[in-house]
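Following: one structure in structure tokens, then a few remarks.
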Amino acid sequence: MPSKPGSRSSTQHSASQGRGKGKVTLSIVDQPTVKPTGNKTKRAGLQFPVTRIHRRLKVATEKPRVSFGSAVYTASVLEYLVAEMVELAGNACRDVSKVRITPCHLQLAVRNDDELNHLLKDVVIVEGGVLPHIAPELLKKTGTTNKVKVKHSQEV
């Protein structure tokens with residue numbers, strides 16, 4: 001016996017919503033729920049590749065059983081760190097009226113931020129240069145003069 005529209009039934013109806021949208025299933029109370037499809041990176045809402053990081057984690061550890069949750073967590077941490085570095089490097093780039101981020105801008109961004117500097121204290125950025133700093137001992141002191149007084153003798 002067919003059921004009336006809107007009535008509760010124990011059957012599930014599925015309809016395809018197009019490519020990449022997921023499978024829509026109607027539950028017992030006829031409320032559509034969307035099951036996410038696609039790769040794990042899109043499901044996690046990240047830009048960094050979760051599957052590639054999962055594969056690298058399995059190779060890097062002694063035991064090859066690594067959960068996908070750890071790969072998602074690692075990818076999200078890496079994405080956050082890169083976004084932070086690129087944002088600070090973009091600000092350093094804009095301060096000197098440039099439009100392209102160079103290793104020098106990355107170096108300035110990392111070394112001027114306390115937390116990133118602590119994290120990357122042993123890292124050498126190739127072509128990064130050094131921070132502009134002049135030791136105060138090398139600067140001229142204003143107001144004090146160290147002139148040596150010479151006594152003129154009139155010996156002949």
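In case you wondered, yes, glycine gets a Cβ from its N, Cα and C as well.
Taken from TrEMBL, the feature compositional bias 'Polar residues' applies to 1-17.
In terms of DSSP secondary structure, the domain 'Core Histone H2A/H2B/H3' (40-111) contains 53 helix, 0 strand, 19 coil. The domain 'Core Histone H2A/H2B/H3' annotation in TrEMBL covers 40-111.
On the 0 to 100 pLDDT scale, the model's mean across the domain 'Histone H2A C-terminal' (114-144) is 88. Look at TrEMBL and you will find 114-144 tagged as domain 'Histone H2A C-terminal'.
The annotation region 'Disordered' is assigned in TrEMBL to 1-25.
Within the same chain, residues 81, 84-85, 88, 102-104, 106-108 sit at least 6 positions outside the domain 'Histone H2A C-terminal' (114-144) and bring their C-beta atoms closer than 8 Å to a C-beta of that stretch. Per DSSP, the secondary structure of the domain 'Histone H2A C-terminal' (114-144) breaks down as 9 helix, 0 strand, 22 coil.
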